[in-house]
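Trainee: If you scroll down you'll find the structure; I have some questions about it.
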Amino acid sequence: MAVDKQLRTPLAIAAVVAAAVLAFVSPSHAVAVACPGDGFGSNMTPQTAKALGVPADGTPYTFSGVACLDSPDWLSIELCAGCEAHVDVLFSHADGDLDAILYTSSATPADTSTSESDNEELAYTNTSPSAGMHLLNIHYYKPLDGSPAEGTGIVEYELIITIVPPESTPAASSTTSSSSSSSSSSSSSTSTSTSTPPSSSSSTTSATTTTDVSSWFPCFGDDYEPNDSFQEAYVLPNATFQVFEAEACPFTEDWYKYTLCAGCTLDIAIVFDGSAGAPSIGIYSGSGYAPANAISNREFNITYTAPPASVTGESEHVYILINHDRNIPVDYTVTLSVTEGSHSLDLNGFTLVFQGDVPTNEGEARRFSTAFDEDAIIASYSGSGGTAQDCADICLENPECVGVFLWVLESGVGRCVLLNDLGTEEGAPTSSYSYSFRRDQQDDPTSLEGFELVFQGDVPTNEGEARRFSTAFDQSAIIDTLVAGPEDTSQDCADACLAVAECVGVFLWELESGERRCSLLNDVGTPAGTPTSTHSYSHRVQAAQDDPTSLEGFELVFQGDVPTNEGQARRFSTAFDQSAIIASYSGFGGTPQDCADICLEDPECVGVFLWELESGERRCYLLNDLGTPEGTPTSSYSYSHRVIGAGGDPRSLEGFTLVFQGNNPGNQGVARRFSTAFDEGAIIDRFSGGATAQPQDCGDACLAVAECVGVFLWELASGERRCYLLNDLGTPQGVVTSGDSYSHARDQTVTTPEGYALDYAGAVPGNTGSTLRFSTAFDVGARLQVVLNESPETCAAACDANQACAGIFYWIVHVGDVRCYLLSSLGTAAATSSASYSFRRVSTPAAYVPPAGYVVQHKGDTFDNAAGPKRRFTTAFDTSARIDTVNMAVRDDGQACAAQCNMTSACLGFYYWARASNLYTCYLLSDLGLPEGVVTSGNSYSVAKLGVSASVPGYELTFEGDTGTNSGELRRFSTAFDAGVRVASVPNADLVACASACDESTLCLGFFHWTKSASATECWLLSDLGTPQGIVTGTNSYSFTKLLP
């Protein structure tokens, strides 16, 4: 039969008190087939059980019966004290599956038989000192999961009952007197067959007496009592190896509690001094129940490995159960050892530096010395969600974060602390349960502080020819060669060079074997270097102000054959013209800026020519004439700079923004211009001038014409300068050009739309103060909509149409690219370099109204919470607390979320998040986290359920635990965790499904519905509901009692 045996009712049955048996009612479902009946009559309930007269003479007695689907047979037999009952139920499994249960006189299950084959067999010895009526139940097995039962629905069976009388009980002494009573049993004090206690009478006694065997061997207990239930479990020391001895008393359980480190493996060996019979030994943990393995009838072992570590759960509590079924106390020895598995926190991108007081630490417990230093803490996260790697990933997203401190409080709450300073190298002693991780450095061989990248070899970042220093392998130029270790970076090589006075460059080389080498050089060779196939980087020491491409007060016009030149190598045509050279300096030891400063002191100087010879000698030429605009081709290693202001700076016009540069000396990118520069339909006017024509004159001419939106400055090869006034600037990307030109767009004048207030202005004309914007301007979480290339008025109209819109961010990227962001929250002021305007909507959207039965616990960065505090549930993004996700296209203030939450008993509230104008997301939560919440920048509402109306037809809510909405006492059934009264377990069922399962079982008197986690619930059907007052609990649970019909 393909049935999960864990769903079989008989396997979960244990103590059923007599009162509970009398409360059984007939099954609620109709009989599937017409039952033909048998000689037992109407015996479908314990109250109508058929009494069978079976003598205690050891003779088998046979009866015939019929069991039908939904029609169980209840029978009763009287069993004398010490008598042994043997019950055989003979049937064909092909007709159907029968199960059998024999109850003691106190109505607790004595034995069950639930095989999936022909016949069932029961056996039980009445250890009670008196005779009693025992119930026998034979029923047709019906799956609890609702699947159809197998077979015909009618099973005929033969019942064979044999009652074997007890062996003769040892008689009392035949001659007993008061003078000899004290010594009559001394010779047999260690025998299992002991004389009865002496009588106080002097008459001769010859009666047979039955006595509870356990009273002959008193149990003295041990140092760990009381520990008869898991609630009273003895807390073992948190040692990784320990051995202790204890005594197992009859009919009681021994429970122990141990805190196991995450990922650690617990090995337990239990050795009884004598036979343990059929013991119940195992471990209960968050992963379920793990039974012990029996090596012999007295030796047992258990192995359990805890789940891996997380930020908020570095350990878990496990419960160890030990008991036996013998009637005498048995001593036992427990050996417990803990070993570290592969769990140790291994975070991608981080190195473990210190461990605190954790089981895996075999040395001194230490931590970062700055772990609790507020100046070093960037952020701290607490709660029950996320893994250690999640904490590490948050650090990796923050450039200031250099390490994380993972810390678990004694309460079990974990914390993730991001640090910008790790403190001293030796750290600090600690008693905390913690791990200290340092962020690994990211190596970038293309960028070294204090150096200029001159050449790249055959590496992925090189888009040009692979070259290297010509002296890279010249022994006379090599000061030293270092082999890099796993922890060494490219910057370490650079720092080694800076520490040596004669070092002028480094050569970083990675061999095919993966070995990395660093060569320190006193000579970097020829300016052109040499071709190479090596995986290498050639860096030259960058002296202060030693950048020949950028000189203060100058414009770079031409570059010769230098690494930074991606175009044709050219120079001033007058660079070597003696008539143009004012002065020249050979062997120039200063910086390029020093050469430029000499030029600025001479009124005749209009430019400088910087030239480096192959020998490494530098020369500086001051020029009074720069020659033709196109210059001349060259193979020299040189830079040609023109003094800014000689004819005006065409790159900067007051009232304009430079959009494109053509093929001019200062452009290091693609040469482009306005696509309408030569379009007669876009040209308002044009002017021509000589080399002394001022670019600003062109700009001023445009400002005097209302329809002028930009100017195009073009310098011909002859030196003639032209100015075009334009009424249309064309496409945003412009067009490629070969001309020496500058395309300027007239700065726009922006007005404040009606119904809005200008809170901040960025880098725009007329703003002489701080350049600011909304802090949420580029926060996609606050962005409702994007409107492109429209006026502020059109953008404002779109905002007015969206009730969630609190303001707009109007950003002029450049001419032809204007972006308007509709924002649900505005945040605070933030510095910006953008040309932008931040407009706040004066008329606010409709207020947020929570659904009936709910209350807003926290508000985020919403339009109605500008003053703050801006907070949310700490578990809002904790996937372990998330029950479900609901997405909506329009704002409904969480009505759909509440409807879904009301149908889920585990739901305590929801996180309502306005992500966009057409996307609202709601997370249903089983845990709302810390009462104070956590700071957020999201446009959100954290909504808590006011109460839970837990109502199930046919059942009464007797107790309610820590459901999050229970304002009364937190209580549950006292038997909720008693496996002996558990009829069945139905995982991940809601309250209605749980009640339906209870209705299916005649043994079920009620159920305990327990939310173990956000993704797991347990429904336990119970045959005993315990004491009327129940017990206090910390579980998220409901205890329901079945109502009698």
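Numbers run from 1 along the shown chain.
Cβ from N, Cα, C; glycine included.
In case it helps, TrEMBL gives these features for our protein:
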type	residues	note
SIGNAL	1-30	signal peptide
REGION	108-127	region 'Disordered'
REGION	168-211	region 'Disordered'
COMPBIAS	169-211	compositional bias 'Low complexity'
DOMAIN	386-418	domain 'Apple'
DOMAIN	486-520	domain 'Apple'
DOMAIN	590-622	domain 'Apple'
DOMAIN	692-725	domain 'Apple'
DOMAIN	787-810	domain 'Apple'
DOMAIN	888-924	domain 'Apple'
DOMAIN	986-1021	domain 'Apple'
Trainee: Please give the sequence-distant neighbours of the domain 'Apple' (692-725): residues at least 6 beyond its ends with Cβ less than 8 Å from one of its Cβ atoms.
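Mentor: Tertiary neighbours of the domain 'Apple' (692-725) are 628-630, 647-650, 653-656, 659, 662, 664, 673-674, 677, 683-686, 739-746, 815.
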Trainee: Can the domain 'Apple' (787-810) be said to touch the domain 'Apple' (888-924) if we require at least 3 CB pairs below 8 Å and skip pairs under 6 apart in sequence?
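Mentor: The answer is yes, given that the two segments have at least 3 Cβ pairs within the 8 Å cut-off.
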Trainee: What average pLDDT does the predicted model assign to the domain 'Apple' (486-520)?
Mentor: 88
Trainee: Please indicate, using numbers and ranges, the residues of the same chain that are 6 or more beyond the domain 'Apple' (888-924) and have a C-beta under 8 Å from a C-beta there.
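Mentor: Contacts of the domain 'Apple' (888-924) (Cβ under 8 Å, skipping residues fewer than 6 from its ends): 781, 783-785, 802-805, 822, 824, 848-854, 857, 862, 872-873, 876-877, 882, 938-945, 948-950, 963-965, 990-991, 1009, 1011, 1014, 1017, 1036, 1038.
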Trainee: How does the domain 'Apple' (692-725) divide up by DSSP, counting helix, then strand, then coil residues?
Mentor: 9 helix, 11 strand, 14 coil
Trainee: Residue counts in helix (H, G, I), strand (E, B) and coil for the region 'Disordered' (108-127), per DSSP?
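Mentor: Going through the region 'Disordered' (108-127) residue by residue, I get 0 helix, 11 strand, 9 coil.
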Trainee: Can you count helix, strand and coil residues in the domain 'Apple' (888-924) using DSSP?
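Mentor: Computed counts for the domain 'Apple' (888-924) are 8 helix, 15 strand, 14 coil.
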Trainee: How does the domain 'Apple' (787-810) divide up by DSSP, counting helix, then strand, then coil residues?
Mentor: 9 helix, 6 strand, 9 coil
